[in-house]
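Okay, structure first, notes after.
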Amino acid sequence: MASPGASRGASAATAAAASPRPPQGRSSRRDKYSVLLPTYNERENLPLIVWLLVKSFSESSINYEIIIIDDGSPDGTREVAEQLEKIYGPDRILLRPREKKLGLGTAYIHGIKHATGNYVIIMDADLSHHPKFIPEFIRKQKEGNFDIVSGTRYKGNGGVYGWDLKRKIISRGANFITQILLRPGASDLTGSFRLYRKEVLQKLIEKCVSKGYVFQMEMIVRARQLNYTIGEVPISFVDRVYGESKLGGNEIVSFLKGLLTLFATT
């Protein structure tokens, strides 16, 4: 029997699937975009983010697939994903679960093995990253022929919403320190909303050794080392509505250790 989250997801997904497809968008018909969505306890958020993704891609006539990598969520996220896969079809929604929580970096490694697009988009499944920015990412990539396009909270009209002052100070402080120590050539080193050429992401994954949230930081640092080009698009980051943040004391300690390791080795 489907979970309540799956039922809500089915209704939203059916509405999105019924939306008409307007004229051709800005991306080439030959291009395909694979979205990697790592999930852990995202039953409430998953139907909404998938609905928004489908809406954004459909309105822009962009060829896409959404790959859900669930790490053994105990809240029924996998069952919701199975329902979404049935609604949209396995050519659009690909559930590629793992049996337990193995970390963000390895989730991307697992997901890219199943990606058939020539571009890969990584983003959070908790609604912190709105899919409405994806067409802007694609336009930016085409205009500058960039290898990577990264969403930034710290440039132009970018910003963070829903965080208290303490968390904003910690985020700004962490980003400032990374800019001083690593000089990454990007304004938002810890962000996780990005578009990559598939072959570039594969190469970076081979080079990166970090785990968890530090993985995102190392990806940009290694990209600079390999002379990959990076474009940026200002985004609005909104704190999650459903569920709890996975950023805790252990993640902060890991971040500091990872920062020092990257400083010493790059």
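Each residue's number is its place along the chain shown, starting with 1.
A Cβ is built for glycine as well, from the same backbone N, Cα and C atoms used for every other residue.
The structure displayed is predicted, hence computed values, not measured ones.
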Do you know which of 1-31, 63-93 Swiss-Prot annotates as region 'Disordered'?
1-31
What number of additional C-beta atoms lies within 10 angstroms of the C-beta atom of A125 (GDP-alpha-D-mannose binding site)?
27
D71 (GDP-alpha-D-mannose binding site) to D126 (Mn(2+) binding site): how many Å between their Cα atoms?
15
E42, D71, D126: which of these binding-site residues has the sparsest Cβ neighbourhood within 10 Å?
D71
